[in-house]
Amino acid sequence: MTQAVGLVGWRGMVGSVLMQRMRDENDFALIEPVFFSTSNAGGAAPAWAEGAGSLQNAYDIDALKKLPIIVTAQGGDYTSEVYPKLRGAGWQGIWIDAASTLRMADDAIIVLDPVNRPVIDAALKRGVRNFVGGNCTVSCMLMGLAGLFNNDLVEWMSSMTYQAASGGGAQHMRELLTQFGLLNQAVKPLLDDPAAAILDIDRGVLARQQDPSLPQEHFGVPLGGNLIPWIDKDLGDGMSREEWKAEAETNKILGRGAAFGTPATPIDGLCVRIGAMRCHSQALTIKLKRDVPLDEIEDLIAAGTQWAKVVPNTKEDTVKALTPVAVTGTLDIPVGRLRKLSMGLQYLGAFTVGDQLLWGAAEPLRRMLRIALAEA
């Protein structure tokens, strides 16, 4: 018998990717989907969901209460408004959420089952009912480096990120493309003239970038032809919230730190927004607990998850396989630039790329739903 599952936020960017992945993997054969909407209750369910009833009101607590499992990609404001009311009304079901709202709550598990399935299983056994997707950058990094973390080889790690526009949302992606288009328009006559001086073209681009009329309401400053070395809120101590998440969430995913009675792994670095569309990249400096030969490190990484792909540390392989353009739309997490650093044999350099909308958002939720279907 199929389980009824409530789906909220299925039309947004993350939700749309989640729905496509569920269709690709035939997950809908395992559930009876109940589609909710925050703005179109009573409307038609998606045409591809055969037999699904009309859209339910996503704020109707009584309707939500009937479901043993709810999956939401509606965002943090929705979670903040609806979740407490739902639990307050006595609902005991499983809540699977893409938003960060509940991520660090004591009664929530951050889900990334290829890396932390034992943590998830233990939580289900003790009655945990809240399962939340992790920060996109953290999840993609762990999918690549699980082999090192799960073999307890990482003493500390520094991560310098190159994060895509998609991390901000759909409107941020649109704004980036709009900026690129306007910058091109500003110098197109010069670009079309082979005799035009490149410095004249450069001055034209800069003038347009610095023009206050360039659309920048979402990023706050131009991102096209630029970068922004700050993501998310200012915590007031020189650290951004995005940077704080690296250590906090990695350790929670792995079941480490004070809450688990084990030492946390120190992780810190800087988070930077770049003009890529939907893949987050990271340059990593890793202090290993012991000197491990590079070929053994490569084997451990390749065996860590089936999606981790070691890229040979050559120029040709790197530029072909270790880029956002190569990775977008795939579940592969390539890990490359692997080499021992000059600081010593325990210091490892690495670079990894992951699709922010797949392992960084939708895929852990989809897989958690599969796990929950055996438990609900």
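Here the Cβ of each residue, glycine as well, is placed from N, Cα and C on the backbone.
The NADP(+) site in Swiss-Prot is built from Arg11, Gly12, Met13, Val14, Thr38, Ser39, Ser166, Gly167, Pro194, Gln356 plus one of Gln74, Gln92, Gln306, namely Gln74.
Among Gln163, Gln171, Gln179, Gln346, the residue that Swiss-Prot places alongside Glu242, Arg273 at the substrate binding site is Gln163.
Of all the recorded positions listed here (Arg11, Cys136, Glu242, Lys245), Cys136 has the Cα closest to the Cα of His280 (active site, proton acceptor). Cβ crowding, taken as the number of other Cβ atoms within 10 Å, peaks at Arg103 among the binding-site residues Arg11, Thr38, Arg103. With respect to their backbone Cα atoms, Arg273 (substrate binding site) and Gly167 (NADP(+) binding site) stand 9 Å from each other. For Gly167 (NADP(+) binding site), the nearest of the recorded positions Arg103, Cys136, Glu242, Lys245 in terms of C-alpha separation is Cys136.
Arg103 (phosphate binding site) is 17 Å away from Gln356 (NADP(+) binding site) when you measure Cα to Cα.
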